[in-house]
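S.K.: Quick one: the structure is below, and I'll ask about it shortly.
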Amino acid sequence: MRVRPASVYRYLLLGVCALLGIYTVYSIIGYDDGSHVPIHRPQRHLYLTVSQDRIGSRFGKLAPKRILYWTTIFGATVPSTALSDCPGLTDRCVIDTNRHQLDSADAVVFHAADISKFPLPVSRKPDQIFVFNSMETPDNSGRFAVPDGFFNWTSTHLYSSDAIHKYGTFLIPTQIAESRGFKVQSYYVQPKRLVKTMKGIFGLISNCHTKSKRELALQELGKHINVTIGGKCASDDRLKSICPAGVECIDVFEQYPFYIAIENTVCNDYVTEKIWSRITVPSIPIVMRRRVYQNILPPKSFIAMDDYKNPSEMANHLRSLEANSTAYGEYFEWRQKGLWTSAPWNAPGYRNGLCRVCELLWKAKDNETEVYKSYDNIWKWFDNESQCETDEFVRSWLSG
């Protein structure tokens, strides 16, 4: 039988079209835009970000993931609207606080400091994720005993957590923000605000007896440079009420060239409102240990006590900065030159808290993360990762 050339071409054309169709379907189903944001600290959890296309299309018809908050948070009930500020995820997860709905929950979150107030679940589904949650340090998180292997994921201030739950924002290089299409937030300071009316360091302190012995370090530093303490720990009664409760008092802080941002407890990645609520203050924050901040704040944006042998050496450097406006201004170049900005709140790649837990649950659905791992001893993990200090550094620094 003779085959006409036209028939051959027709069959070839149909074959090519079929192959193209298969390729197109595969591309749509298997596509992953690799949505992640490289930041100055290469942390595992920040890279594992689900493509919003995949969440929106592949799982769009599936029921939302249910996150059950088993405990309160320092006695307060978690609102059902807790996911309302999770762009792209607001309808992908729901928050529940009804413990009778345990069997329907995909993840169950336990706030560490409240665990003792509620009986632990007596059973769990094989595919259920139990999450250990705390924004505070181990010593301020209750240390209530739970069975070994009880928790699958961690959600703490530590950058090594499965789902980071930190204070403040993510500061990132402006170049990276622009490459991701983020709106750049300016931290520019009017030069006249860098001219100070007061000398030395200002601090607003309410905890007068800390584990790190911050008070001893400041007391000794005050022998070499002016250190003004306001709040409950002020020695001058007039300074005790200098800043009313709930007021940031930026106008007071910016009168001084330096301000105290030392935490009550010095632990890895533990950076609270002492920094974040004053990030716009045109003064240089003083911290205790550089290692805690160097991967969280821009380079040369703060001064650490452990950069100096002793209080005298530190005071000499601070006084030299007071006397040299050019050298002092170098600590604000990240602002003035627009080198750093904030990632948009809960943007992909920078999810925080429950938003990150929700995102991870969808990754688990797509078999892209370790779902069924467990922590043998959650408190041992928390202590080892936190590396909290007592007074060893201050004792050594004072004798240096």
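Each Cβ is built from the backbone N, Cα and C atoms, and glycine gets one as well.
So Swiss-Prot lists the following for this protein:
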TOPO_DOM  1-10  topological domain 'Cytoplasmic'
TRANSMEM  11-31  transmembrane segment
TOPO_DOM  32-400  topological domain 'Lumenal'
CARBOHYD  N152  N-linked glycosylation site
CARBOHYD  N226  N-linked glycosylation site
CARBOHYD  N324  N-linked glycosylation site
CARBOHYD  N367  N-linked glycosylation site
CARBOHYD  N384  N-linked glycosylation site
S.K.: If I restrict to non-local contacts, at least six residues apart, and a C-beta distance under 8 angstroms, what lies near N226 (N-linked glycosylation site) in its own chain?
M.R.: M198, K199, G200, I201
S.K.: Just counting, how many other CB atoms are there within 10 A of the CB of N324 (N-linked glycosylation site)?
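M.R.: Other Cβ atoms within 10 Å of N324 (N-linked glycosylation site): 11.
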S.K.: According to DSSP, which kind of secondary structure is N226 (N-linked glycosylation site) found in, if we only use helix, strand and coil?
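M.R.: The residue in question, N226 (N-linked glycosylation site), is coil (DSSP, three-state).
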S.K.: Do you know which of the glycosylation sites N152, N384 has the most other C-beta atoms within 10 angstroms of its C-beta?
M.R.: N152
S.K.: Quick one: mean pLDDT on the topological domain 'Lumenal' (32-400)?
M.R.: 91
S.K.: What whole-number Å value do you get for the CA-CA distance of N384 (N-linked glycosylation site) and N324 (N-linked glycosylation site)?
M.R.: 42
S.K.: Given N324 (N-linked glycosylation site) and N152 (N-linked glycosylation site), what distance in Å do their CA atoms have, once rounded to a whole number?
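M.R.: N324 (N-linked glycosylation site) to N152 (N-linked glycosylation site), Cα-Cα distance: 53 Å.
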